[in-house]
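Per TrEMBL, the features are as follows:
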TRANSMEM  20-40  transmembrane segment
TRANSMEM  52-69  transmembrane segment
BINDING   111, 140  UDP-alpha-D-glucose binding site
ACT_SITE  140  active site
BINDING   281, 305  Mn(2+) binding site
ACT_SITE  445  active site
TRANSMEM  522-542  transmembrane segment
TRANSMEM  554-576  transmembrane segment
TRANSMEM  646-666  transmembrane segment
TRANSMEM  686-704  transmembrane segment
TRANSMEM  716-734  transmembrane segment
């Protein structure tokens, strides 16, 4: 407690050992500078073999160095947060603000209704005053099956919420909870457990049956008047607004089986028309902001993806410790929680846990002014989403502020709300520009967070030991590559847009935070340097042209130091974050694959869209997979099994490096003096080629040895071998 009586609701700690790391980073920087000196002073003369390859490597190394500098902003000033929820309860329990929770779904085939309602039930059961909670499901597919699932969930919630409170259930997603319980010692608890599980399974069977046949019976439709709104439904892209308040928090009779008030629960499928843009998830979020403002108008808005259930019922209170802190809370616009993934394998075959990002890099961004908004697991001040600028003199009055009018009947309120969800409501307004989430970018969440920070607000990253939200990671290589393409394309579009951190954020956020945004904006263009470095040194092995200093030269030392230091630290960092050695190796493979495929196509699409040659599109990552695919994933076997331009690039590059390695072994490596001299001159290039072959070993298995459905298609195998042979032949004989 301070001398003025101030008691903080959260604490910020700086990472230990930062001075040692900074000295280490400086030593790498010195090594990089020495590499540049070598490149500049030893450039081949005009007409010598390898001159242009040398210049290209110099350019690639300059680019990699720029990326490395940007990553230092993610590590230079790391901070960690902890909250004091007991103090929050003691001081503000009566004054806790209303919280509006948004859950978004867009496709019942890719995002099954049972997964969606498990997320909804997990947030309905937050350890928070239920009269101050409201949950809104935005269904951009306008699916009557999803509405039926939510209707069933609204009935089950009357049993589930009191059960969670009585037995302090964690996590409060029914599916995750039931899977986590193997045995209960208390007889009464075991009895109630079996009863609530039976209710859940019965509900699950009804929903799964309806989803399987994609049709509801007349009996099911008769359970709620809301099904009549589908009478005018034409298609996913052509239908009226469908809105139903399934649980009305204003109704004193809306109570659970214990007699306590239930949270508000709302279903919304906004109006869609083919001739009107719907702006994907950003459009859905903005509609929810308007609709929720007329229902409960929570001062805090919390959004989660439909596959990201709450894993900690205390998360709302954790977030409020930052917003309601008496000294620093006034400047906090949003609190971004870390994500966990329930289906990541031990060695993270697709690197989908973002382990180092979660445990290291976002803490570095937090130390520079705050993390970006990543679209899920985030709590916002409502007024910052309306475009409000930060004012040091402003104060927040959380209790009984901005209460919406509540005199209308439920039917009248629903009718008024439908206007707010119409596809023409935003015409000639600032929605999507200055108000709400920004439009025109596949990563609208990032530019929204950046614009909020540029208005003077701070953000906070909270990464508790128990992950607050747990979701589903891609379980096939194509899913992962498509996801990475969308992200890299979106971040590169930010760099090309008016929201570029180069000019939009200049002088408005810290330089370290600017570099942090640049780091992700540079993902897509990094494809060219990676492709160049993965191809050219190996090809020049075939012509016996050295592009690096020989092993016996002193100039070899800075190359060896920078490479070994960088990758040694990367391994230590990964292990410190809770990973495994094999997991780190898999991470390096995925680092290569996404940079030579996803980022390349992301770059091309971004250029086409920015020049008007392509339309904006939003690709949803699939959340379900076949049983045999899931089995291979659990065994950590890479999943190919499909033809894709991305696979063509990855496979051709792998085969090309294998041919180069084979050519060196067959024709160059000998035990005589010439062979030793060759190894001395070409050691770095041979090492690069060997690493490329080793890292692609699972791909060679998929090309030549595997017989399961996840192997590389034969047509793609033949195509890649032909392209690699053509490249090697042309390089050797036509140069």
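Even glycines carry a Cβ here, placed using N, Cα and C.
Closest in space to residue 445 (active site), of the binding-site residues given as 111, 140, 281, 305, is 281, taking the CA atom of each residue. Nonlocal intrachain contacts for the transmembrane segment (52-69), taken as residues 6+ away from its ends with a CB within less than 8 angstroms of a stretch CB, comprise 28, 32, 35-36, 39-40, 43-44, 515, 519, 522, 525-526, 528-529, 532-533, 536-537, 540, 545, 547, 566. Each of 20-40, 554-576, 686-704, 716-734 was scored by its Cβ pairs under 8 Å to the transmembrane segment (646-666), and the highest score goes to 716-734.
Through the fold, the transmembrane segment (554-576) approaches residues 24, 27-28, 31-32, 34-35, 38, 42, 68, 355-356, 359-360, 548, 583-584, 587, 683-684 of its own chain, all at least 6 residues removed from its boundaries and within a Cβ separation under 8 Å. Outside the transmembrane segment (686-704), and at least 6 residues removed from its termini, the chain residues within Cβ reach (under 8 Å) are 533-534, 537-538, 541, 585, 588-589, 592, 637-638, 640, 650-651, 653-655, 657-658, 660-661, 664, 679, 710-712, 717, 720. Between the alpha carbons (Cα) of residue 305 (Mn(2+) binding site) and residue 111 (UDP-alpha-D-glucose binding site) lies a span of roughly 10 Å. Burial estimate for the binding-site residues (111, 305): highest at 111, by number of other CB atoms within 10 Å.
Counting only residues at least six positions away in the same chain, the Cβ atoms of 104, 105, 106, 107, 236, 269, 270, 272, 278, 280, 281, 284 sit under 8 Å from the Cβ of residue 140 (UDP-alpha-D-glucose binding site).
Among residues of the same chain six or more beyond the transmembrane segment (716-734), those with a C-beta under 8 A of the stretch's C-beta atoms are 539, 542-543, 643-644, 647-648, 651-652, 654-656, 658-660, 663, 703-704. Other C-beta atoms found within 10 angstroms of the C-beta of residue 281 (Mn(2+) binding site) number 23, with every protein chain shown included.
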